[in-house]
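What TrEMBL records for this protein:
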type     : residues : note
REGION   : 1-47     : region 'Disordered'
REGION   : 92-144   : region 'Disordered'
COMPBIAS : 164-174  : compositional bias 'Basic and acidic residues'
REGION   : 164-211  : region 'Disordered'
COMPBIAS : 177-186  : compositional bias 'Low complexity'
DOMAIN   : 218-259  : domain 'Ribonuclease H1 N-terminal'
């Protein structure tokens, strides 16, 4: 609340009247006193509260008829700062501000490589890195032809072993996943009637034999169908067995296995070409 003080000696002389606005806090007094002798009249005072219908806050009018009161001495800059800090602490009910330690002027090597504004406490590695094993210096043993030949044999043996394991695993997986029709084990036709053990006579037009291919993963042997033979692709073999009654075929992993099965069935007279 703002205050307006009217002070005089009571004689009615307006020259002695002085108007001041006393501060709300005793620590925030005016820097210069209103009179040379730092004194104001005092005595019985009449306090009048006047509320002005404006945007300003209400103020108080003080009137004194006699006596003088001593005006406080002006505050120094340090006293004003302490008073302001105490006022802020009282208003916000906070503890005294913590003390901050000054950071070193020279940044660490780890901090000089990061973007501005980011700081971390990583300790730089001072030990030199160890050389890579692949970049080591060549010795006399590395240039020895016999030693190089031994290493090459070991490498080739390891590669062959890995390939053999891969082929074994692939063969087992194919046998587990594929469910082909069982190959006939006796010399019987599709009707179950026993016949003589004589070789099958198949015309070249009804027989199909694909050439060897090391990249083929499966081979299909058609024993009874619209056409018999050894097929490399299932799409071609399916057109002679799919939707064909009494068709018999077998899948093999290798070409040698397919040839053995087909020649055995041909020698036993099991091969048969059906008519649609």
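The chain as shown is numbered from 1 upward.
Glycine is treated like the rest: Cβ placed from N, Cα and C.
Automatic, uncurated: that is what TrEMBL annotation is.
Residues of the same chain lying 6 or more positions beyond the ends of the compositional bias 'Basic and acidic residues' (164-174) and with a Cβ under 8 Å from any Cβ of it are 217-218, 251, 253. Residue counts for the domain 'Ribonuclease H1 N-terminal' (218-259) under DSSP (helix as H, G, I; strand as E, B; rest coil) come to 10 helix, 16 strand, 16 coil.
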